[in-house]
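Report on one structure; see the data block that follows.
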Amino acid sequence: MSVLDIRLYGDPVLRRKADPIDEFDGDLKELAEDMVDTMYEADGVGLAAPQIGLSVRILVADADHAEDRSTARVFINPEILEADGTWKMEEGCLSIPGIRADVVRPERIVVKYLDLDGNEHTEEMHEMWARVLQHEIDHLDGKLFIDYLSQIKKTLIKRTLKELEEEARAYLAELEAEEDEDGNGAARSS
């Protein structure tokens with residue numbers, strides 16, 4: 001398995017609507033395993049494909065954050081069918097390090113998704129699982145948790161966001177240089 005680089009705020013892939021997945025093969029399973037490894041290595045509870053530079057609709061999550069990684073789950077082409085209740089809680093994001101803020105989200109959702117074999121599931125999620133899935137599905141739709149913040153809060157974090165944008169630009173320039181050098185578009189991993 002591989003630990004992949006996490007894209008930072010300012011990378012355009014984080015603002016694109018991701019494409020649905022229609023091929024369920026060994027490559028997809030390997031991607032899911034790499035995403036789980038990356039999520040745990042970064043001490044996260046969720047990770048969406050755009051956060052590793054891929055604009056496809058897959059996310060991994062472990063709202064229980066089990067020490068043995070036994071509760072990690074994969075959701076492909078997820079879609080929220082129902083949502084109700086409200087729950088305010090502080091959130092952070094692996095793509096926006098150093099920033100945390102309260103976000104109000106529905107407390108309960110019903111989500112439809114595919115598993116790694118392409119089987120469809122519909123499941124009701126509550127509290128932390130509901131929150132993590134909503135946060136990660138937002139990534140698949142090109143939204144970030146900071147989009148929910150008031151203008152005042154956005155102003156307060158402006159400097160940090162600017163620094164992250166600069167770091168993202170430098171990383172993308174490095175990737176482009178490596179692709180030009182390699183001629184095959186291979187990206188580095190840490």
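Easy rule for this one: first residue shown is 1, then count along the chain.
Even glycines carry a Cβ here, placed using N, Cα and C.
Among the ranges 70-97, 126-153, 154-181, the stretch that TrEMBL annotates as coiled coil is 154-181.
Following the DSSP three-state reduction, the secondary structure of Cys93 (Fe cation binding site) is coil. In this structure the C-alpha atoms belonging to Glu136 (active site) and Cys93 (Fe cation binding site) are separated by 10 Å. Summary: among the binding-site residues (His135, His139), the fewest other C-beta atoms within 10 A of the C-beta are counted at His135.
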